[in-house]
C-alpha cells in the first residue's frame, strides 16, 4: 500500500514557515458591487422621501393660503371686517378720561356691609 502524505490545509503553515492566504482582491469585486447597489437603494429612498416631504409641504401651504377667501385663519383680518364697535371713540379728552370699557361697571361696586376698615 502506497503511503501518501495527508491532505494539507491551505491555511496551515507551509514548509517555508509562511502562511498562505487568499488574495484581498478575491472578495473585492463582490464588495464593490454590493456597496454600489446599497448606495443606489439609499439614494432612491432618500429621493422618494424628499419628494414626499415636498408634496406634503405644498399641500399644507395650499390649505393655509388658498383654501379660504374669508380669512378665517387670520384673526387680524377678521377684526378689521367687524361691524361698528359697541361704543364710539371719545371726541374730547374729558370723555376719554371718564370712558369705561364695555366690561367695566358704570359705577363701582359698594358692599352693603360697608368698608372693612369702618
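For all residues, glycine too, the Cβ spot is worked out from N, Cα and C.
Annotation source TrEMBL lists compositional bias 'Polar residues' at 13-22 (among others).
What TrEMBL lists as compositional bias 'Basic and acidic residues' is 44-57 (among others). Secondary structure by DSSP for the compositional bias 'Basic and acidic residues' (44-57): 14 helix, 0 strand, 0 coil.
The compositional bias 'Polar residues' annotation in TrEMBL covers 62-80 (among others).
TrEMBL lists 99-118 (among others) with the feature compositional bias 'Basic and acidic residues'.
Annotation comment: TrEMBL describes 1-26 (among others) as region 'Disordered'.
Summarising the annotation, TrEMBL assigns region 'Disordered' to 44-118 (among others).
For the compositional bias 'Basic and acidic residues' (44-57), no residue of the chain approaches it from at least six positions outside its boundaries, judged by C-beta separation under 8 angstroms.
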